[in-house]
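Everything on this sheet refers to the single structure shown next.
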Amino acid sequence: MSTYGKVYLVSGNKGKLAEVQSYLAHANIVVEAVKFDLPETQNSSAEKISWDKAVEAYRVVNKMPVGEPLRHGGTPVLVDDTSLEFDALCGLPGPYIKWFLDRLGVEGLLKMVKGFAAPGEKDSGAAAPAHRGANAVCIISLCHGVEEATGQPLVEQFRGVCRGALPPVPRGGVGFGWDSIFAPEAQTPAYAKTFAEMSVEEKNTLSHRAKALKMLTEYLKTHALELRGTKLVA
């Protein structure tokens with residue numbers, strides 16, 4: 001059986017780190033956080049934004065000078081990007097949710113969809129009015145080296161989606177970010193709790209990040225031989 005090593009998660013968010021560590025611990029992967037600012041590509045594609053960040057993170061973590069070709073054999077890095085897509089706004093804020101949250105706060109985000117209710121539509125947290133529908137999306141990008149023949153970065157991406165709805169008001173006191181304004185559909189009863197009202201164990205069974213982490217873990221297990229020679233698989 002392969003021995004899994006260490007990977008760096010580029011994040012200063014302790015809540016996010018705890019979620020990633022909790023999940024990957026089952027695969028014997030040690031996750032350590034490194035914190036530094038990464039430039040964000042201005043692009044409507046969350047996958048493109050995450051891909052660019054993962055490549056730059058690999059360069060920074062492995063101290064490879066800007067302008068020089070990336071080298072193989074460095075320490076692998078993970079970049080985790082989330083999007084929150086409001087049905088009423090045709091997918092916005094999407095990958096720009098961090099900036100919307102910083103400027104507006106969770107209550108301001110809820111106000112963005114308030115005027116989209118259909119005439120006579122009941123605004124209830126128990127149901128899911130059409131104007132409150134939303135998708136939580138997580139893109140995890142793993143940069144684990146460079147294709148030596150072409151010089152192209154080796155980046156694998158894993159996309160997890162959780163369908164849910166926005167409650168009329170923020171609910172719950174745990175979690176982080178916008179957890180208090182997203183209630184997943186895949187619970188009984190549907191939309192009963194926001195992420196901020198769930199235990200870590202509950203959240204890790206159905207969240208967008210959990211789905212992406214599951215795909216990442218399966219990839220690491222099935223591609224262990226290919227990853228030998230990197231610092232991720234010894």
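First residue shown is number 1, and so on along the chain.
Glycine too: its Cβ is placed from the backbone N, Cα and C atoms.
Annotation note: TRP178 (ITP binding site) sits in a coil segment as assigned by DSSP. Of all Cβ atoms in the shown protein chains, 25 besides its own fall within 10 Å of the Cβ of TRP178 (ITP binding site). Swiss-Prot lists 11-16, LYS53, 81-82, LYS98, 176-179, LYS203, 208-209 with the feature ITP binding site, giving sequence analysis as the kind of evidence.
According to DSSP, GLU40 (Mg(2+) binding site) is assigned to coil rather than to any helix or strand. Look at Swiss-Prot and you will find GLU40 tagged as Mg(2+) binding site, backed by sequence analysis.
DSSP assigns SER11 (ITP binding site) to coil in the three-state reduction, placing it in neither a helix nor a strand.
The Cβ of GLU40 (Mg(2+) binding site) has 16 neighbouring Cβ atoms from other residues within 10 Å, across all protein chains displayed. Fewest Cβ neighbours within 10 Å among the binding-site residues LYS53, LYS98, HIS208: that distinction goes to LYS98. For the pair GLU40 (Mg(2+) binding site) and SER11 (ITP binding site), the C-alpha distance works out to 14 angstrom.
Sequence-distant contacts of LYS14 (ITP binding site), defined as residues of its own chain at least six apart whose C-beta falls under 8 angstroms from its C-beta, comprise ALA33.
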